[in-house]
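Q: Just dropping this structure here.
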Amino acid sequence: MIATLERREGVSLWERFCAWITSTENRLYIGWFGCLMFPTLLTATSCFIIAFIAAPPVDIDGIREPVAGSLLYGNNIISGAVIPSSNAIGMHFYPIWEAASVDEWLYNGGPYQLIVLHFLLGVASYMGREWELSYRLGMRPWIFVAFSAPVAAASAVFLVYPIGQGSFSDGMPLGISGTFNFMLVFQAEHNILMHPFHMAGVAGVFGGSLFSAMHGSLVTSSLIRETTENESTNYGYKFGQEEETYNIVAAHGYFGRLIFQYASFNNSRALHFFLALWPVLGIWLTAMGISTMAFNLNGFNFNQSVVDSQGRVINTWADIINRADLGMEVMHERNAHNFPLDLASGDVLPVAFTAPAVNA
């Protein structure tokens, strides 16, 4: 018997690091995108928690009227928020080193930019990490494609909309009531409820919820029983089993008779692709709608579109919505402008037909 001895080539530290980063055997996959995702998301999360608890008031409108958003300044979980950067900063990149002091940076809302930019980098890297892990495991890339919808939505409200409006102060506040305020002001300024892409997004989200509930209830109702009546049907499933866990023929027959035959899928793969596609497509369209309205390509305007034979306006729901929009428009940033643009854009009306006589 002959034994052959070979000198083992040394593996460099960099090669071992690369193997560890890209290994699918780790309990938590890191990946090259993870090298960017973990630090950015940790930074955004840490800054958000600190700012939500203790950040001082921010001069959001740039008119020396600070708005308090943190818990230590009198807010609660519902009313609290990280206030967007000041309108005095606009779209300027505003890291800590650009301010004269940390106090100035906090007063002008610097934490908002720090959180938003790190968050967007983090979620984009998370999306890339999904693709990377799918590639390593030989899977198809649809998980990454589906997650692109919420990434597009977040990018629209946190980055594209401020770019279009010219200031980070128009971005969505990082809080519950701040989100509601953003929605109301968005409706007042852009009539988003009358935008077709927003309508598609509503159909996507609510339709996706409906289809998810329908699919889950159909599957749960047609499970193949593997247990006794005294045991949970969940115990009849073994992880990784090859057999079907529910009777798709029974589910197809039930739903086909409940609605009509062709409303029911007879292909499980096509069904699940549809369940993924519907909400993703809706959220994509909503993000596109926000991005177009960012540059003031607004929703449909049907105001005063119905008149009688005498030319008098017959109000429709469009006019009712417009009246609500005007109310929200004049109420927000009430000290930032003395004459809102929407109210100043009508025809000039004469206040006197003749000039008064002036006696010398």
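Each residue's number is its place along the chain shown, starting with 1.
Every residue gets a Cβ built from N, Cα and C, even glycine.
From a predicted model like this one, the values you see are computed outputs, not experimental measurements.
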Q: Between 197-218, 241-262, I'd like to know which one Swiss-Prot lists as transmembrane segment.
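A: My reading of Swiss-Prot: the transmembrane segment range is 197-218.
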Q: Match it up for me: which of 29-46, 83-100 does Swiss-Prot list as transmembrane segment?
A: 29-46
Q: Taking 102-117, 118-133, 342-357 as the choices, which stretch does Swiss-Prot tie to transmembrane segment?
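A: Comparing 102-117, 118-133, 342-357 with Swiss-Prot, transmembrane segment matches 118-133.
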Q: So among Tyr126, His190, Ser264, all listed as recorded positions, which is physically nearest to His198 (chlorophyll a PD1 binding site)? Use the C-alpha atoms.
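A: Comparing Cα positions, the candidate nearest His198 (chlorophyll a PD1 binding site) turns out to be His190.
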Q: How many whole Å apart are the CA atoms of Phe265 (quinone binding site) and Tyr126 (pheophytin a binding site)?
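A: One finds 32 Å between the Cα atoms of these residues.
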Q: For Tyr126 (pheophytin a binding site), which residues of its chain lie six or more apart in sequence with Cβ-Cβ distance below 8 Å?
A: Phe33, Met37, Leu41, Phe147
Q: Which value in Å gives the longest Cα to Cα span across the quinone site residues His215, Ser264, Phe265 as recorded?
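A: Pairwise Cα check on His215, Ser264, Phe265 gives a maximum of 11 Å.
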Q: So which other residues, same chain and not among His215, Ser264, Phe265, have a Cβ within 8 Å of the centroid of the Cβ atoms at the quinone site?
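A: Near the quinone site, the remaining chain residues are Met214, Leu218, Ala251, His252, Phe255, Ala263, Leu271.
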